[in-house]
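Okay, so here's the structure we're looking at.
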Amino acid sequence: MHRTVLALAIALAATALAPLHATDASGVQAMAQQELPQVIAWRRDIHQHPELSNREVRTSALVAQELKKLGLEVHTGIAHTGVVGLLKGDLPGPRLAIRADMDALPVTEEVNLPFASKAKGEYRGKTVGVMHACGHDAHTAMLLGMAQALAGMKKQLHGSVLFVFQPAEEGAPAGEEGGASLMLKEGLFRQFKPDAMFGMHVVSALNVGTVAVRPGPTMAGSDWFRMVVHGRQTHGAMPWNGVDPIVTAAEIISTAQTIVSRKLDIGTLPAVLSFGIVEGGSRYNIVPDKVELQGTLRTFDAGMRQQAIDNLKGIAEHLAAANGATVEEQIPVGDSNPVLVNDPALAARVKASIVTAIGAGHVIEAKPWMASEDFAYFAQKVPSVYFFVGATPVGQDASKAPANHSPKFFLDEGALKIGMASMLQASLDYLGTPRS
């Protein structure tokens, strides 16, 4: 992802809301400005009361309540705690879905805010701090603000807008389903049949006032892998009497680094293979009987993904055999997030809309981002675009800002106005709201 520092030079209109034109930047800026105080209030409330994946009970209740106030057709209980609001314009046109994720992370907040989270939750059998360390509070609040703005122009609105508030983007708890894939499995698109879908994400890697979008592969497909190397336990003073799984595990970790550097054509698209868990042994002078390895593979191409998986399996099996050990593999473990691919033609249209909203000097092309995002499941079904909104205060070096998922993650609330203006312009242009 670009870590670019750009000065914010956008004067957002504070005048009364005039009749909106699809290509009138002052119109969407005024809409965003009008909704901003309420959006900030929602965001702070949600931030102070974060909820983990599939546990977004309070958040979803707030969302449903606000959508009902607007007179939208509201559906709840989708994929556990998901909420959908349907706004039907009075004029004919396409159906656009816009998505926001609602869940927080098992992170203890370290930002000194008057509305900082002090919430606790249960995660993997432990009591943990809970924080909106990835900006989903902002996503939820912005989408509520956009619903309020668009509901106010129902008579002018062409087509319809499906506001999708998704749970469990960060991943459902062990043994549960959740997120975008479960919403689809439960019939979200079969019931509502959107023609296209938009989404956005706030990121600390960009300054407020900067929006990044790209056509094609945008966020990596993610695979979780697990291996257990089985040896034969023995005394650490007599390793020849056993089979050391630690040595084999170390060789697997080391040799696996050649997959990306020597096997994959990363001149075309990037890839990453990382080990995050190495567990084995119970005492300093005992060679254990097994070592467990877990890690992640990130790719942007199905062929590269399969090549990397095949190489990883081959390395593990051959090194284990050479050392007299065996290896048990799960590559991948469970479902994998697919590559998030922005529809090229639609991405070009969205980029042009965002340029209209905030100015060409504030819109950049995103590099492929190695993080994954389950919005990709939606993008597999309908033409979709996902873009990034800068969250780090202007004047600060965004390349040094605490990253998303950090306990020190900080969002400048100026990002809310930029995100709403960008998405409103893209949405109205897509729906074909005519000039008056």
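Every residue, even glycine, has its Cβ placed from backbone N, Cα and C.
Record features (TrEMBL):
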- 1-22: signal peptide (SIGNAL)
- CYS134, HIS136, GLU170, HIS201, HIS405: Mn(2+) binding site (BINDING)
- 221-320: domain 'Peptidase M20 dimerisation' (DOMAIN)
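Secondary structure counts, DSSP: the domain 'Peptidase M20 dimerisation' (221-320) has 41 helix, 35 strand, 24 coil. When secondary structure is read from DSSP and collapsed to three states, HIS136 (Mn(2+) binding site) falls in the helix class.
Here the binding-site residues are HIS136, HIS201, HIS405, and the one whose Cβ sees the fewest other Cβ atoms within 10 Å is HIS405. Mapped onto three states, the DSSP output places GLU170 (Mn(2+) binding site) in coil.
With the fewest other C-beta atoms within 10 Å around its C-beta, GLU170 stands out among the binding-site residues CYS134, GLU170. Under the DSSP three-state reduction, HIS201 (Mn(2+) binding site) is assigned to strand. Same-chain residues with CB within 8 A of the center of the CYS134, HIS136, GLU170, HIS201, HIS405 CB atoms, the Mn(2+) site residues themselves not counted, are ASP101, ASP103, LEU105, HIS132, ALA133, GLY135, GLU169, ASN404.
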